[in-house]
Amino acid sequence: MPLFSRAWRWAQGQNLPCMSARVDHGPWGVPIALFILGAWGGHLVWLLTADGLSATSPLAWLHVLVQGYLCTGLFITGHDAMHGTVSRRRWLNNAVGTGACFLFAGLSYHRLVVNHRAHHADPTSERDPDFSTRFQSFLPWLGTFMVRYVTLIQFSVMAVKFNILWWLGVEQWRIWMFWVVPAVLGTLQLFYFGTYVPHRRPETPEMAPHHARTLPRNHLRAMLSCYFFGYHWEHHESPSTPWWALWRMKDARASVTDARPAA
């Protein structure tokens, strides 16, 4: 059964090696990932089915912002899986990553791994699919980014999802407001804090050697802005550190910097 054999090899991770040397951060990767997936899914189901919600209600729009933040967490979970930090069991790590990326926006996990490997191998170069060597302003760079990542298959998957929700009886305004808009907000949040702010030019000396800047040390701000992903220099320095431990990398770097004698 060749098809089953290929699927089993994929599940074992033989065709999809993780990008980073595995560093053990304890047993928290899978529970944290499942918590985010569960929070995203549970909140979405409630928004699509709850009585009393109105498109003009300020409370409903507050829920849109919350769902957008959870969408961001969904992709951050997939991103951690790309670095092998969700689980030491590769099949489980890849399964969580595949599910998170598919739920986020019908994304191909395998394609994302290939592109993200290229990003880490040579950030801000012409070979970096996340970077624009032509545009440094936000909207043109975002357009370039979307052209490189969005595919016809992805659009088709999202269209099928939309129609399934509609067929199940969900009102269209709810689908747009609570499913489409949060995914767009999550995409913008990820691009701004995970690509545009960290890697835009001009470069400064503190961005070396990763061509990445980092947010000032404020863990609450970093968590609320993009799950510590604004600590981007630290992420490139230690890709095997999961998102929920990046604040420790930030503290460690700060302690080393503070310990250096003044010039």
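One-based numbering along the chain as shown.
From the backbone N, Cα and C atoms, a Cβ is placed for every residue, glycine too.
Taken from TrEMBL, the feature domain 'Fatty acid desaturase' applies to 58-153. What TrEMBL records for 28-48, 60-79, 91-109, 146-168, 175-194 is transmembrane segment.
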Checking distant contacts: for the transmembrane segment (28-48), what same-chain residues at least six beyond its ends satisfy Cβ-Cβ under 8 A? 63, 66-67, 70-71, 73-74, 76-77, 80-81, 85-87, 92-93, 96, 99-100, 103, 165, 170, 174-175, 178-179, 242, 244
Restricting to the same chain and to residues at least six past its boundaries, which positions have a Cβ under 8 Å from a Cβ of the transmembrane segment (146-168)? 48, 102, 105-108, 115, 129, 175, 179-180
Under 8 Å Cβ-Cβ from the transmembrane segment (91-109), and at least six residues away from its ends along the same chain, one finds 10-13, 16, 18, 29-30, 33-34, 36-37, 40-41, 71, 74-75, 77-78, 80-82, 84-85, 149, 151, 153-158, 161, 183, 186-187
